[in-house]
């Protein structure tokens, strides 16, 4: 709709000088009639001038469109050509002025095909009929032959002048559009550079934020380690260890984000690899197996999912391997048709018969349940030679795409 309005306004701007040219042409015709001594024909250009002025005014106040205004004026001029040829004959050369109309018509490139065919076809048919009726014939009024030859020459010159004016105007408008386009492109290029600079600046700031968050989390982890040394109660030590592990899991995410080009995506395969390696370092007797596809997850999914995996590993270490001499923990991440699937499977004692995430009561299971809801995922658990968690989720990046 906006493009149509712009095109309509452009053609309206063309119609204004075209109307001025039409008035000048009518004044010229009045002079010609005085020269020929046919004042009785002056009513033709006078009425034509009134129609041009009225149409221009109606167009200006938006009663009619610029398209309709042109059609009215074009057929008005065609009618005048027919009348003048009828009275003055073919050799007067008034039929030349029909040739100007297609030039102005084609200044607008948005005409429908049927309008182009009907308009130009009607002009061709009118010209052919005039040739058939009046070619090399005199009109109703008896005019001196030398004067007719002079008027024919003047009309040819006037036609050439009109064509020249239309071409100059068209060239001027094209040049004006080209300059406007060059200026707009220059402004757009400048804006693009500014946006690119702002984007780079924001990426640097975002990376700095992730770096500082990671450093602050490491400070918190160190404080928890120091606090742990000051207490002897095993239950408190266990709580501090779990808190420290959760902080380190989040810190690892922010470390990955700091390395990301955009600052909001995480190489989750690499993250899981480092997370599993850190657990193996703390629990050397446990064998961790990792089978995952290469996948990049959005920050909003990666952080909760990383904490979920961390909690599941911790729960397995705490509850699954009490009587297992060869503990194994397997983590698998795969891409299914419409979702990702994460499986955490151990070979421990498995779930009790009445196990439920919602009613288990421990902080770890509450955290897992809350984080599953946060990423709008689904979780399934079952005994399969040990405890097996199956998590299905979608990635924010995939949903946006």
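Along the chain as shown, the residues are counted starting at 1.
Just so it is clear, glycine is given a Cβ too, placed from its N, Cα and C backbone atoms.
TrEMBL has this to say about the protein:
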type	residues	note
TRANSMEM	14-36	transmembrane segment
TRANSMEM	42-59	transmembrane segment
TRANSMEM	66-83	transmembrane segment
TRANSMEM	89-107	transmembrane segment
TRANSMEM	114-134	transmembrane segment
TRANSMEM	154-172	transmembrane segment
DOMAIN	300-397	domain 'Histidine kinase/HSP90-like ATPase'
Under 8 Å between C-beta atoms and at least six residues away from its ends: which parts of the chain pack against the transmembrane segment (66-83)?
8, 11-12, 14-15, 18-19, 22, 25, 29, 41, 44-45, 48, 51-52, 55-56, 58-59, 94-95, 97-98, 101, 104-105, 108, 111, 119, 122-123, 126, 130
Model confidence over the domain 'Histidine kinase/HSP90-like ATPase' (300-397) (mean pLDDT, whole number):
82
Remote residues contacting the transmembrane segment (89-107) - C-beta distance under 8 A, at least 6 residues beyond either end:
11, 14, 18, 25, 70, 74, 77-78, 80-81, 116, 119-120, 123, 126-127, 130-131, 134-139, 143, 148-149, 151-153, 155-156, 158-159, 162-163, 166, 170
Which residues of the same chain, at least 6 past either end of the transmembrane segment (114-134), have a Cβ under 8 Å from a Cβ in it?
71, 74, 78, 81-82, 85-86, 89-90, 95, 98, 101-102, 105
Please list the DSSP helix, strand and coil residue counts for the domain 'Histidine kinase/HSP90-like ATPase' (300-397).
35 helix, 28 strand, 35 coil
